């Protein structure tokens, strides 16, 4: 099972530690292609075009996309739409009661399953549910 | 000429007045389908699904997509990727020297033309250039 985890990078790194914890959890279910998203010391040694092409290639390879969408991010929105066009299952997790709300383009997309949560243990349960369902299919 | 203007809504409205001025400028070149993006008093009377489906329909109808991408936004990223899949020309405008940087998925996309600017008159010139080129084609 190859997992594409999507979280904000240039849009804001306030949730970087949370991404790291989610990625640690996701690694119980498969290979996380985008482990760098949870890194506290992100280095960008690639050009924008190289990052784009690498991430599109990973999206093609992925069996499932999990996105944390609380922090608004152009890249995450772009990746979700691309994942849909590649016919990948897309699950978005977000926290309620934040300053910004999740876009209607994401919450209103019939091809995206959204789950809200408050604290990390809830997110862990949601992932367990998602992968529990998928491994039974 | 039908123009789809894309700017942050739920991701943050700090640039709402700028969007309004850009839309006023864009109306010189054609019909702006998404005029509400520049409204200071946005009302959401539609469900998320209705907003999504209306905006996807407008993207289908549009001849060109112009996005202001300085404020990170899931919806704008999603719309850009959708516009590419619909084979629409996509132009992104952004301001340098802001707290956040434009996603590598946008700046690195071979199907997106990005232009940076500092003040509104520069953005106006960029639009003049974009539409000048396009109307000569």
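Backbone N, Cα and C atoms are what each Cβ position is placed from, and that goes for glycine too.
Among B:44, B:79, B:122, B:125, only B:79 appears in TrEMBL as part of the substrate site alongside B:4, B:5, B:6, B:7, B:8, B:9, B:10, B:19, B:103, B:104, B:105.
A coil conformation is recorded for residue B:8 (substrate binding site) in the three-state DSSP classification, outside any helix or strand.
The Cβ of residue B:79 (substrate binding site) has B:4, B:6, B:55, B:59, B:65, B:67 as same-chain neighbours under 8 Å, each 6 or more residues away in sequence. Residue pairs drawn from B:4, B:5, B:6, B:7, B:8, B:9, B:10, B:19, B:79, B:103, B:104, B:105, the listed substrate binders, are separated by up to 23 Å at the Cα level.
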